[in-house]
Amino acid sequence: CANNFWQCERSNECIPNNFLCDNIPDCEDGSDEDVTRCKQPVAVRLVTAKGGRSLTTVEGRVEIRRFGIWGTICDDDFEEAEATVVCHSLGYKGPAQSRKEAAYGAGQGIIWLDGVHCAGNESSVDNCLHQAWGQSDCKHEEDVSVVCSLDTDEIDILGHKNTPPVEDVTNNLTDDILPDDCGTVDEELKYQTTDFTPKVVQGKEVTRGTIPWQASLRVRTSIKSIHWCGAVILSTLHVLTSAHCLQDYTKSAYFVRVGDFDTEVPEGSEQEHDIETIYIHEDYSKGLRLSNDLALILLKGRGLQFSSYVRAVCLPPAVTVYVAGTNCTISGWGSNGKPGAGFSRRLKATNVPIISESECRASYVYGDALSNGMFCAGDLQGGSDSCQGDSGGPFVCPVNDRSVLYGVTSWGHGCGRPNKPGVYTKVGLYVSWIRSKIHDSLNGR
């Protein structure tokens with residue numbers, strides 16, 4: 001369709017953008033007045049350039065959603081005040097800058113806003129003065145981008161400086177056990193990473209060793225052990241998983257396997273460890289179901305031997321901002337999502353974008369079922385998702401060439417269903433709890 005026009009969903013008709021959701025059907029298929037679309041709230045996201053993120057900044061093309069349709073904003077007159085409004089609405093309260101002429105790539109589809117003028121204190125860019133929605137003489141080569149930053153002096157990649165200390169000795173004990181080289185992959189394997197397909201439940205296998213922090217929480221049966229849930233390595237003695245994964249059996253029935261790829265074939269890199277202590281979050285499932293769905297596991301004995309196939313992930317800083325549109329990686333041996341299907345033999349992974357809190361709390365998504373300690377990620381149209389058996393596994397984001405644990409897979413309605421994305425425990429909110437439990441587990445060892 002031409003500029004300022006929208007193509008009907010199931011026909012080749014093109015209608016003016018301002019005919020969308022005006023209570024008058026203009027498309028033969030009625031898609032321009034679809035109730036679900038028209039009731040979706042306005043949302044803003046950044047489409048980031050590869051490698052364009054750090055712990056303190058995020059940058060990318062600004063996209064805004066209206067009537068369920070993502071579009072861009074023209075860079076005409078878009079300066080610091082306008083960039084500040086966008087960044088603040090995404091949780092970045094530090095200095096903001098605009099970037100013009102499609103600095104992070106040209107978008108596609110509707111150019112929703114043009115002539116935006118903000119005072120700088122608006123709660124969202126759509127509250128600023130602007131031309132009529134969808135009316136613009138710009139081209140996508142003029143799509144605006146922004147650079148946002150946190151309002152903080154310094155953030156340490158392990159979250160040490162920004163995590164409230166329980167006591168001085170806590171920091172010393174915990175810092176000693178958390179490895180400085182967290183979130184790194186063996187250099188020989190680093191550039192062999194698979195291009196992931198749309199979801200874990202149908203995705204391609206990863207290259208062995210490229211997700212070395214992935215662990216499997218397994219259950220012993222009378223015949224053999226089975227994969228039960230995912231988990232993620234924090235140190236030689238500690239793995240993190242979901243609390244709900246540890247509700248069905250006694251502690252002695254579980255054990256942790258690391259360094260695995262094909263669960264049915266010995267590869268020489270696997271290590272198996274029994275569990276010494278399980279720390280379930282004290283407020284697990286209090287109030288909302290599956291709230292605070294987190295558990296720390298202390299392994300028996302001397303713990304893991306780190307190698308090319310066994311490494312720790314990084315914990316995020318406690319001030320971590322979960323920016324909508326940020327692409328991160330989920331992984332696991334979970335089901336492929338087909339009826340009656342078992343778990344995958346080989347480790348799979350995919351990239352999924354973080355979904356804004358307002359979008360995830362929408363009534364047609366999860367509404368009031370979402371607690372402050374949860375976030376959503378995936379595609380609301382269906383597809384990218386985690387599934388049964390992936391619970392407890394890592395949701396990892398790339399930051400400064402490190403892999404940082406932003407989330408732990410928790411729950412969802414089905415696998416890959418429209419408007420039912422995966423829900424993850426927001427690890428950034430639990431860094432202090434994790435560190436205090438690590439400290440408790442090391443006392444007396």
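Yeah, the Cβs are placed from backbone N, Cα and C, and that goes for glycine too.
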As recorded in TrEMBL, which of Cys8, Cys14, Cys138 forms the disulphide with Cys74:
Cys138
Say which of Cys118, Cys148 is recorded by TrEMBL as the disulfide partner for Cys128.
Cys118
If you have TrEMBL open, could you say which of Cys21, Cys27, Cys148 makes the disulfide with Cys87?
Cys148
Compare the Cα of Cys87 (disulfide bond) against each of the disulfide-bonded residues Cys74, Cys118, Cys138 and report the nearest.
Cys118
What does DSSP assign Cys87 (disulfide bond), in three states?
helix
Which site among Cys74, Cys118, Cys138, Cys148 has the most other CB atoms no more than 10 Å from its CB, taking these as disulfide-bonded residues?
Cys148
Per-residue Cβ crowding (10 Å cut-off), top of disulfide-bonded residues Cys87, Cys128:
Cys87
Please list, for the domain 'SRCR' (44-149), how many residues fall into helix, strand and coil according to DSSP.
16 helix, 35 strand, 55 coil
